[in-house]
Amino acid sequence: MSNYQMFEVQVSQVEPLTEQVKRFTLVATEGKPLPAFNGGSHIIVQMADGDNQYSNAYSLLSSPLDTSRYQIAVRLEENSRGGSRFLHQKVKAGDRLTISTPNNLFALIPSARKHLFIAGGIGITPFLSHMAELQYSDVDWQLHYCSRNPESCAFRDELVQHPQAEKVHLHHSSTGTRLELARLLADIEPGTHVYTCGPEALNEAVRSEAGRLDIVTDTLHFEQFAIEDKTGDAFTLVLARSGKEFVVPEEMTILQVIENNKAAKVECLCREGVCGTCETAILEGEADHRDQYFSDEERASQQSMLICCSRAKGKRLVLDL
């Protein structure tokens, strides 16, 4: 289970990047350096809006070489649970937010001979810190960034003007410059590691094409900026310590059922399958893992699960709660 420490920061700047994306610059309240991080790291942002509490994970896009500030980019989601809407509509320069120390589930692989980055939409954010981290490295890299059109392409100007802009490739479906994924993956050099962050459809397309080309799975790395489906068949949930039983309906998560019934105390920071704080041991049954936290081996072991997003594979699940 991850060990996050929470602390306050001040919002020093809020910048609109597109109609739906804003960049937030965060600094320490006492002007001190912020905790160090490396490329691909994320933080948890906790927000209080009256009686409503929100908690979201956001990738750090600023340079790991500069700990005087953190920067995150937030896309206003149509079906927002409240966090992105709160940040877009209510947070301004001078406000304070509670954030976690950085954690990294999407780090660069030190042994890679080349890093190939594939981004979709707001999934560009972790790669910005990766690119900054590689600024003084001899290891080669290349970025392919997919968006609907130039107007929705956050950070377009910065990427076009990047000191190594020849390594940056922008793909816009509206202008007929879609990413030719099959050709890209067919031509990768030995020792290349592929990192993909974007909507589920992009991640699945990379997995499928890489499988067709027999690309070694250990060289493929994924991060999904939002879990698009937490629903599924209803099942019976048993809390072993109390003996309480509940039905988890199709449209609710295990965590929501537990919280609604005040059945157990469970810590959860992100509610997106990222932070690992709601990890719970499985005593009986199997989990349908939908998190971004566990490795494939950990998921296969069926020893524990993240109850904010994952469900049961069968009709009954017994947890150590």
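Cβ coordinates come from backbone N, Cα and C, glycine included.
Feature annotations, courtesy of TrEMBL:
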type: BINDING; residues: C270, C275, C278, C308; note: [2Fe-2S] cluster binding site
Among the binding-site residues listed here, C270, C275, C278, C308, whose Cβ has the fewest other Cβ atoms inside 10 Å?
C278
May I have the list of same-chain residues other than C270, C275, C278, C308 whose Cβ is within 8 Å of the Cβ centroid of the recorded [2Fe-2S] cluster site, in sequence order?
S55, C268, L269, R271, E272, G273, V274, G276, T277, Y293, L306, C309
